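Novice: Can you read through this structure? Questions will come right after.
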Amino acid sequence: MNQEQPSKHVQDTINEFNAQEAATHPQTSSRKAHSNVVASQKELVGVQGIKEIESSPLGSRTEQRGEITIGEALEATALTAGHRPVDYSDAAAIQAAEVRATGRTNIVPGGVAAAAQSAATRNARLANDEDKTKLGEILSDATSKLPSDKPVTRRDAEGVIGAELRNDPNLCTRPGGVAASIAAAARLNQTNASINNQNKTN
């Protein structure tokens, strides 16, 4: 497969969601519609994945403190998809998340992305799923493995979704997976910020 095709598919997917968002909110500018691509994430990552995140400790954290960080969203993936073996699309999504959390362009030695890449390479050589490294093993303490962290934004979610899509053989994301968790966290942060702004103006 040509390397251009996955990138084109990702861009086509984002464009489709932008078009849906613009059709739903005609007064929204195209620039704002682009930033709102994650607003349509229920279709992209699966309604069940979003429900799992919202009912997990991640959902209650946003109520307590207000903003969910990238590290916390990665840890939520350990709860929703921790039983699944790590593959290359997971590793790419985790790397994209780490880059956005730390602001570094390179992988942190001993960090969560390095562990995910190592696990994906090892898992690709193993036939038996029981012997493979699971997402839960990599992500259960993701926050402590990140040298720095930040609240999840829609732009972060777009980047992680794109990385997972480009590296999946079927060009799709998984419900409850890394992209789903990051997207859900971005949506919860956005919703909470809107509520806080409304409360300030009232």
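Heads up, residue numbers simply count up from 1 along the chain you see.
Keep in mind that glycine also has a Cβ here, set from the backbone N, Cα and C atoms.
What TrEMBL says about a protein is an automatic prediction, not a curated fact.
For 1-11, the entry in TrEMBL reads compositional bias 'Basic and acidic residues'. TrEMBL lists 68-125, 133-190 with the feature domain 'SMP'. Residues or ranges marked as region 'Disordered' in TrEMBL: 1-65.
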Novice: DSSP-wise, what's the residue breakdown of the domain 'SMP' (133-190) into helix, strand and coil?
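Specialist: In the domain 'SMP' (133-190), the DSSP-based counts are 35 helix, 2 strand, 21 coil.
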Novice: On average, what pLDDT score does this prediction assign to the domain 'SMP' (133-190)?
Specialist: 93
